[in-house]
């Protein structure tokens, strides 16, 4: 009996410790990719993106080590009510050395409270920095609806026929035409706080296994007292989105139509900008002080249309497929817009449940509104892959690859500069008038990719 009494407090203590550890368990999620590559003509791996496009086909075409490390925890729960704390720190380096220092990006720090409002069961209120309901095309790493940033909102309000979400976020624009110049201190400039107000209605049943999501985003400059917008900067804009998702073939197809105006056209994903983001100009104030507005051309007034179809499906036990097709037209009053269309496929053949071969073929074509010239590029990658499962989404994965790219460009390339600016054909400013010409290249290497 004495032995039993001695063991009982110990057992209770151990059990309590285990239960406490479970209750306080920290969730660890994230994403990472890294590898090594070479270029056929010599040197480290090059990556290929057509000048003027906002993205590139990514398989065998990523030249950096990148990671997002997420730590989160449910810190309080009572019945169906709870608070969850979430964080995310991101890192990116050039993968050229053992020791590569970098400043981390603190991308998320937010608290989400579920079922806290009695008369809105199922809803979540939140505040802080957050990846907010992002919509993207994985195979080209393209985010077409993304208002992420510091903000607050309420989501998943059940209306019976769909779920309503409301949010406000901020995306500060530094050093450009949305920068204010002080009316009182002429040598002082200030970054611009651009606010976005987002309304989404999701889960609208349209057909068997098909749902519709509708969204409206309004972005504007939030001016600081005593400062003014640079002359010609776009003050605000709208973006409208309709996305239909069809569940099919053990996967999905998404069809998207978007329209944006003025400040919402530069990034085209729901965040406001007051400029087109390509050039630079210097303003000389009355006292002789010169202020350089770097990497911006003011006045992105105009509109943008985007039609997008993408998905991932299974074509039987041995085949999976990713695909994308998109047309985008940015028509600006300053004549520096672009017309971009892209199409690509990534079939996967599964030799075993953990080994596969992938082939990615992608084509981009971008027309300069100013010059009327076109840049085009196609990229082909063949990869042998070992992954944790038999799906095209299975990760972690280790792959060896060979990539071939061929391009023919006639506008907008800055040698040794930022060759992905879609507004680089600013011939009236005397910059960005060259092109990559007509050439090709191939690369090969190995890469790991993981999310968890």
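Going from the start of the chain as shown, residues are counted 1 onward.
Backbone N, Cα and C define each Cβ position, glycine as well.
A quick note: this is a predicted structure, and the numbers were derived from the prediction, not measured.
Check Swiss-Prot against the ranges 235-248, 277-290 and you find transmembrane segment recorded for 235-248.
According to the topological domains annotated in Swiss-Prot, residue 121 and residue 411 fall on opposite sides of the membrane. According to Swiss-Prot, the feature transmembrane segment maps to residues 301-315, out of the candidate ranges 301-315, 421-435. Residues belonging to the topological domain 'Extracellular' (223-234) score a mean pLDDT of 74 in the model.
Here residue 63 (disulfide bond) is positioned 21 angstrom away from residue 393 (site 'Greasy slide, important in sugar transport'), judged by their C-alpha atoms. Counting only same-chain residues six or more apart in sequence, the Cβ atoms lying under 8 angstroms from the Cβ of residue 47 (disulfide bond) belong to 56, 61, 62, 63, 443.
The two recorded residues, residue 143 (site 'Important in sugar transport') and residue 31 (site 'Greasy slide, important in sugar transport'), have Cα atoms 16 Å apart. Residue 31 (site 'Greasy slide, important in sugar transport') has 66, 451 nearby among the recorded sites 66, 99, 252, 451, counting only those with a Cα within 10 angstroms of its own Cα. Fewest other C-beta atoms within 10 Å: among the recorded sites 143, 393, that description fits 393. Residues 132-133, 147, 153, 159, 161-174, 176, 178-180, 211-224, 229, 263, 270-274 of the same chain lie 6 or more positions beyond the ends of the transmembrane segment (192-205) yet place their CB under 8 Å from a CB of it.
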